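Remarks on the structure that follows.
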Amino acid sequence: MPVVESDEKVDDTAKDLSSLGLSDKETARGEEKEEKGTVAAPSAPTVDTVQPTTGPSWPATAPDHPLSKFYDIFEDVIKSAEHNEVYGILLTKENPFQTKLILQKFLRANQNDLDKAKQQLLETLKWRKEFDPVKATGEKFDKTRFGGLGYVLEVQGVPESKNEKDVVTFNIYGAVKDKKATFGDLEGFLRWRVGLMEKSVQKLNLASATTPVPNYGEGPDPYQGFQIHDYLQVSFLRQDPAVKAATSKTIEVLGRYYPETLSRKFFVNVPVIMGWMYTAAKLIVAKETAKKFAVLSYGNQLAGELGVDIPAVYGGTKEDLESVAEGMSLE
């Protein structure tokens, strides 16, 4: 069985690059889905509020299978957390397919360790109850702080992908005009960044999913997205404390509370010397982890990885991100 590491470990591997500060002499770029059918987060436990429905069926699993065991006890986790929503999906026995899909993601992220998966689900539910990321997707943010920093784009024709469409999130670091304004208010930055992440997850269409997520080690999860970190016009010479703090906290939050949502992560427009460093780093991490991130020195190389259904600046055929992609609401 191949070794598959969690998104949290991938983020740890890439953290040195993501957390490098931005020079005071240059502009910086800010850090790393709304879909019909998703359900807004409930304000209180609603384990029994969803009416039984007919829908897709999950393949039968043996009583001792980790997913069977998790499904038997997840309601206890919900009661403890006093919340039952993940990615806009209500976890209930009346919604077995989508519930098992979410539980399977937590199992895969923890290599089928039920205790660890249970703990991560509990922490995620508590965090979602407090932070309310679904609400964040519809909030308005200051255009002067976050304009041009992040976009979500649906693309077709990704090489080797079996999906009709894939979801790509772009983090445009060079769009930052004022580092202190963008990153200084950490909580404000997190609401923007988590809102963007939640928006991208909604685009995965989990509420209408009909294909089961494979067991850990038995194939790829089809419900994952790509993350792009564009460092054009960004200096790696200095570390800005505010940028470093915001990046570190973002990695912590997304790595812990969004398991199995990352297919691959690309760092583009990275200076050649930094590319060499990451090439060396990939030699000392697990093979499956190394597959999840790539460093590209030039933006137009991205089309070789994701196909041509991306903006021309990345080697594709589409117009610029502002024209073809979706960002957060700004005012």
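Glycine too: its Cβ is placed from the backbone N, Cα and C atoms.
Heme binding, as stated in Swiss-Prot, involves Tyr173, Arg193, His229, Tyr231; the candidate among Lys129, Lys135, Lys265 given for that site is Lys265. Under the DSSP three-state reduction, Tyr173 (heme binding site) is assigned to helix. Within 10 Å of the C-beta atom of Tyr231 (heme binding site) sit 25 other C-beta atoms, taking all shown protein chains into account.
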